[in-house]
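Here is the structure we will look at, set down as structure tokens.
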2 protein chains.
Amino acid sequence: MVSDRPLKVALLGCGVVGSQVARLMTTHADDLAARIGAPVELAGVAVRRPAKARGGVAPHLVTSDAAGLVGRGDIDVVVELIGGIEPARGLINAAFDAGASVVTANKALLAQDGPALHAAAEEHGADLYFEAAVAGAIPLLRPLRESLAGDKVNRVLGIVNGTTNFILDRMESSGAGYGEALEEATALGYAEADPTADVEGFDAAAKAAILAGIAFHTRVRLDDVHREGITEVTAADIASARKMGCTVKLLAICERAEDGRSVTARVHPAMIPLGHPLASVREAYNAVFVEADAAGQLMFYGPGAGGAPTASAVLGDLVAACRNKLGGGRGPGESAYAALPVSPMGEVVTRYHISLDVVDKPGVLAQCATVFADHGVSIDTVRQTGKDGEAQLVVVTHRAPDAALSGTVEALRRMDTVHGVASIMRVEGE
Amino acid sequence: MVSDRPLKVALLGCGVVGSQVARLMTTHADDLAARIGAPVELAGVAVRRPAKARGGVAPHLVTSDAAGLVGRGDIDVVVELIGGIEPARGLINAAFDAGASVVTANKALLAQDGPALHAAAEEHGADLYFEAAVAGAIPLLRPLRESLAGDKVNRVLGIVNGTTNFILDRMESSGAGYGEALEEATALGYAEADPTADVEGFDAAAKAAILAGIAFHTRVRLDDVHREGITEVTAADIASARKMGCTVKLLAICERAEDGRSVTARVHPAMIPLGHPLASVREAYNAVFVEADAAGQLMFYGPGAGGAPTASAVLGDLVAACRNKLGGGRGPGESAYAALPVSPMGEVVTRYHISLDVVDKPGVLAQCATVFADHGVSIDTVRQTGKDGEAQLVVVTHRAPDAALSGTVEALRRMDTVHGVASIMRVEGE
């Protein structure tokens, strides 16, 4: 049942992931042909600097003319691994115009321009697959889009950035500060020379926007995602978390409001109990919880980045796109019919862990407790430790709207008896 | 873009899972229509005793004539939740003959007759989906068949039977014996009145056959799966496991041989280290590890049984089958091109934990060690404890072929100085 005509694939970008895609297309060629029903041929590889040696890719396939490769008229599937907005966006649109389907790992572009890309795919009857854009090798988007298509997802919560998880894991295990842990991550290749996209949470926020959109069948833009990175997390925060039986993770959290009429998406560091399965996700691994009405609580775990794992996700999508090219039919397109509004961070209901430096005299705890009460925030526990006229109050709240919690913190900062707010962190995973 | 013509679904069986499918088809009707692109209509529900009240199902839809419902000519998708071989098999074939696609949770039938069912689906250009047959709500088959379609899976290892996991978990946490834990499982509804299929490993073996077939693109029959249940697991085994920092789980293990030229599939109780993620899978939950060349190690976790979770998996498949009906195209069919032989249990490479009751006199340990050496089995650790002229030897081996290990045990049993083999258990997960 294997067809003779090979399906032709154009690969755009041949870096860490692209080179693995090219390698696997060669080493797994027979398996891919059997699984698709036709051979798959690497028709060309577009790179910025063709002179640079590309291990395993035949030199005559390498070109710097990406547009020419995409537009040459016989390409069935374009695999876009350039990343960023342009020229990736233009090339993807050119691919659809030329009748090709597209597989991409480009989370930034999808988070910014997903609806337009989906519309272009739809218009041309083509596929747009992007499993590799979120959580690397972990099958997550396909389960959300297809396996849970008959269910109602209420929450997606997970670790979706390997770099920051590596850094926080090192801080946790060695007691190192943020700077030292970042240096180690950079030296080991877990962080890029400019780590901003990872450590400031931009990468995770793009993934949260994609996940929330798919999970809730609505459009969530990158700007809709509340974003805080890990650069302010201190060794003291981690030690303080440990004292409450918690650890600190950078979480992406997408939630449906209890009344079902709006959704929220956010990325920020949070304390989670050591007994929570996400607490034991080490190094650069990713893990994502999905809570659905009927399915209950599901967890997906695996390598969230890296050349070969990400290439595995790309190839899974490539097989799907090729099968559709051969057999007719299309993969799922955009599903945004629910059109739910995205609520601002202030409406998110969560818990705070707050460390305050206060004057060590009677009545201060009561004063502070009054501020919490005035803002409608109920206190779960207070721990007071003091020495040399200075005391520290560590307050953990019950669940309250984020706006009420941040209002409380502002009011605390204005108090004469409060010298400073040493740290604020949300508490999740209970 | 929603079509007007409703897709018609026949539901066969309305028990724990079927009634949840019917309920969700009603409560999620609008969402299903939006996601599929057309409304889905429950056209009829076939049950054995129509007189029995079916919560939520309109009485005029209920019939005892399953064959008549399937064959009436306007059914788009048949959802088979009767279980067992007949009449399920006949009805599924009748569904294909009538041009319908099929969604089923019937692991026994698939493990026994999968190839014939897939061939029938292929012949009629229909879909056969069965996500709910393995690991309940956990998206596992779709990720294996589709997300990992470009990768090479080397190992699938997991807890795929909730009843036995509940029993072993109770034995572990309360120190109860097997009988007592089974009683509790029965009382709480986790075990059926006749628990044979679960506790003897038949259910897990059917799932292992399905998983191995999909993972390795080959045919694995139920008879190919080595099967041991949990009825012989004692409180002493669990205590002994605990002493080595392990717990006991019933595992389904599907492996590709190191040379890649054969596969094995087995179900048996095994000791796994407490630090292994599968060790913390409690109660009736399921979890499955998948190891692939490029993706690395992935884990999937969630409710492995229950009405609503299993119905979630059924509905995901129903959406896929309906989308294909509307848009053309088919889901993945059988992929058995690799045609790898299934090796017998004797060729599986594993480790043993063996407890021996021996005569307490000098030289016995050396005698026993010689027997291991004679069979080519290398010893990892030996622990000897003795009182009142009786001693106990606990031996943990290094990895060796199962045949060599069981040959060693037979030889030990024949020794005068060995009074008995108190327990043998494989050690996995390292």
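Backbone N, Cα and C define each Cβ position, glycine as well.
From a predicted model like this one, the values you see are computed outputs, not experimental measurements.
Some features that TrEMBL has for this protein:
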type	residues	note
BINDING	A:Leu12, A:Gly13, A:Cys14, A:Gly15, A:Val16, A:Val17, A:Gly18, A:Ser19	NADP(+) binding site
BINDING	A:Lys107	NADPH binding site
BINDING	A:Glu192	L-homoserine binding site
ACT_SITE	A:Lys207	active site, proton donor
DOMAIN	A:353-426	domain 'ACT'
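DSSP classifies A:Gly15 (NADP(+) binding site) as coil under the three-state reduction. Listed in chain order, the residues near the NADP(+) site other than A:Leu12, A:Gly13, A:Cys14, A:Gly15, A:Val16, A:Val17, A:Gly18, A:Ser19 are A:Leu11, A:Gln20, A:Val21, A:Ala22, A:Val47, A:Leu81, each with its Cβ within 8 Å of the site Cβ centroid.
Sparsest Cβ environment among the binding-site residues A:Gly13, A:Gly15, A:Gly18 (other Cβ atoms counted within 10 Å): A:Gly15. The most crowded of the binding-site residues listed here (A:Cys14, A:Val16) is A:Cys14, judged by how many other CB atoms sit within 10 Å of its own CB. Considering other CB atoms within 10 Å as the measure, the emptiest surroundings among the recorded positions A:Lys107, A:Lys207 are those of A:Lys107.
Residue counts of the domain 'ACT' (A:353-426) by helix, strand and coil are 23 helix, 35 strand, 16 coil (DSSP-based). Under the three-state DSSP scheme, A:Lys107 (NADPH binding site) falls in the helix class. Its Cβ placed at the centre, A:Glu192 (L-homoserine binding site) has 13 other Cβ atoms within 10 Å. On the 0 to 100 pLDDT scale, the model's mean across the domain 'ACT' (A:353-426) is 92.
Contacts of A:Val17 (NADP(+) binding site) defined by a Cβ separation under 8 A and a same-chain sequence distance of 6+ are given as A:Leu81, A:Ala105, A:Ala132, A:Gly307, A:Thr310, A:Ala311, A:Val314, in order along the sequence.
Cβ neighbours within 10 Å of A:Ser19 (NADP(+) binding site), excluding its own Cβ and spanning all shown chains: 22. The residue listed as 'L-homoserine binding site' and the residue listed as 'active site, proton donor' have their C-alpha atoms 18 Å apart, to the nearest angstrom. Comparing A:Ser19 (NADP(+) binding site) with A:Lys107 (NADPH binding site), their Cα atoms are 19 Å apart once rounded. It is 20 Å from the Cα atom of A:Gly18 (NADP(+) binding site) to that of A:Lys207 (active site, proton donor).
The Cα of the residue listed as 'NADPH binding site' lies closest to that of A:Lys207, out of the recorded positions A:Leu12, A:Gly13, A:Cys14, A:Val16, A:Lys207.
Other C-beta atoms found within 10 angstroms of the C-beta of A:Leu12 (NADP(+) binding site) number 26, with every protein chain shown included.
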